[in-house]
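**Student:** What Swiss-Prot shows for this protein is this:
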- 1-18: signal peptide (SIGNAL)
- 50-89: disulfide bond (DISULFID)
- 57-82: disulfide bond (DISULFID)
- 71-86: disulfide bond (DISULFID)
- 107-134: domain 'ShKT 2' (DOMAIN)
- 116-131: disulfide bond (DISULFID)
- 149-175: disulfide bond (DISULFID)
- 158-179: disulfide bond (DISULFID)
- 222-232: compositional bias 'Low complexity' (COMPBIAS)
- 240-270: compositional bias 'Low complexity' (COMPBIAS)
- 277-332: compositional bias 'Low complexity' (COMPBIAS)
């Protein structure tokens, strides 16, 4: 009985201790790390207050977003000490940017699809081509002043009459390039939600939501090569300088095989087969001595008949006379031997008569 009471007390004590530990953990729960996405409306720093005051702002602003020491993960320092380097100014322009008319990106290495909506004001001034706010290479053309302009133009919000009345012409006034480029788009059935608020740096869900069942207008030709999204500025082709050798193309470096044809009109394979056949025939004639002796006479009698392989008789005889061990050479040797034999027989007969 006492053992039961002791076990019951122990169980109750363990339960109370576990509950107290749980409350303690909940009370001392670590606060979530704050980023520039939190309280994003504070990221729009006025031009009069937008200046860097820390010495390491340039290096601080170049850190990647995922870096724990970046602007995104250190919002207090980004807003208070380095708003210029962290791209939080409303419309901060440098002297170089003040003359900017469009047609190219001022900071192409920092421009990307992601930057168009993470840092919208900075991207309008520095990434007009990447964000599709102007025509590439046309510096005197119109330039959009809102990164949402391509979306509004493709989905027909430029030509929506009710849209112009409700928004006081915000879209048409701020999107001259997109409204002109996508002028053939079907008008939107409903106006864009009003009021249209200005985007803030690192604002979550800054990309507008496409209306259901609506097909956007096609991209212009100078953006189609890069696919849907934000194209990169095409690199111009470098001309070949005098004295330099241009790298060969695939067609130039690999010439097509050429089949050689002899003068007789036959292919190389057929000519080789005929040469082999003629060599075998000549070898057979060399071993046959009686046939070799009669060959010159036969060749003389049949001088008008064409030689094998389509050659003329004279050409065949010339070829036979040039090769060593042929029939004329063998007949000369046999004639000399016969002449010596006859001479020896005459000498022996004359010697017998003298005796």
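FYI, residue positions are counted from 1 along the chain as it appears here.
Every residue gets a Cβ built from N, Cα and C, even glycine.
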**Student:** Could you check the disulfide-bonded residues 50, 116, 131 and say which one's CB has the fewest neighbouring CB atoms inside 10 Å?
**Tutor:** 50
**Student:** Which residue counts does DSSP give the domain 'ShKT 2' (107-134) for helix, strand and coil?
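**Tutor:** Helix, strand, coil within the domain 'ShKT 2' (107-134): 13 helix, 0 strand, 15 coil.
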**Student:** Can you tell me the CA-to-CA distance separating residue 179 (disulfide bond) and residue 89 (disulfide bond), as a whole number of Å?
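**Tutor:** Roughly 27 Å, rounded to the nearest whole number.
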**Student:** Express the distance between the Cα positions of residue 82 (disulfide bond) and residue 71 (disulfide bond) as a whole number of Å.
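**Tutor:** That comes out at 8 Å between the alpha carbons.
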**Student:** Would you kindly give the Cα-Cα distance separating residue 71 (disulfide bond) and residue 149 (disulfide bond), rounded to the nearest Å?
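**Tutor:** The Cα atom of residue 149 (disulfide bond) is 27 Å away from the Cα atom of residue 71 (disulfide bond).
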**Student:** Of the disulfide-bonded residues 57, 89, 116, 131, 175, which one has its Cα closest to the Cα of residue 71 (disulfide bond)?
**Tutor:** 57
**Student:** How many other Cβ atoms sit within 10 Å of the Cβ of residue 158 (disulfide bond)?
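**Tutor:** Counting Cβ neighbours of residue 158 (disulfide bond) within 10 Å gives 24.
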**Student:** Work through the disulfide-bonded residues one by one (50, 89, 131, 158) and name whichever has its CA nearest to the CA of residue 175 (disulfide bond).
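**Tutor:** Its closest listed neighbour, by Cα, is 158.
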**Student:** Distance between residue 116 (disulfide bond) and residue 158 (disulfide bond) at the Cα atoms, whole Å?
**Tutor:** 21
**Student:** For residue 158 (disulfide bond) and residue 131 (disulfide bond), what Cα-Cα distance in Å is obtained after rounding to a whole number?
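**Tutor:** A Cα-Cα distance of 18 Å.
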**Student:** Quiz question: given the disulfide-bonded residues 86, 179, which has the greatest number of C-beta atoms lying within 10 angstroms of its own C-beta?
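**Tutor:** Checking each of 86, 179, the winner is 86.
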**Student:** Looking at the disulfide-bonded residues 50, 86, 89, 131, which has the shortest Cα distance to residue 57 (disulfide bond)?
**Tutor:** 86
**Student:** Just the number: how many Å between the Cα atoms of residue 131 (disulfide bond) and residue 89 (disulfide bond)?
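**Tutor:** Counting only the Cα atoms, the answer is 18 Å.
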**Student:** Return the count of C-beta atoms lying within 10 angstroms of the C-beta of residue 89 (disulfide bond), excluding that atom itself.
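**Tutor:** The Cβ of residue 89 (disulfide bond) has 23 Cβ neighbours within 10 Å.
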**Student:** I need the least crowded one of these disulfide-bonded residues (57, 71, 82, 149, 175), counting other C-beta atoms within 10 angstroms of each C-beta.
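**Tutor:** Looking at the disulfide-bonded residues 57, 71, 82, 149, 175, the Cβ with the fewest others within 10 Å is that of 57.
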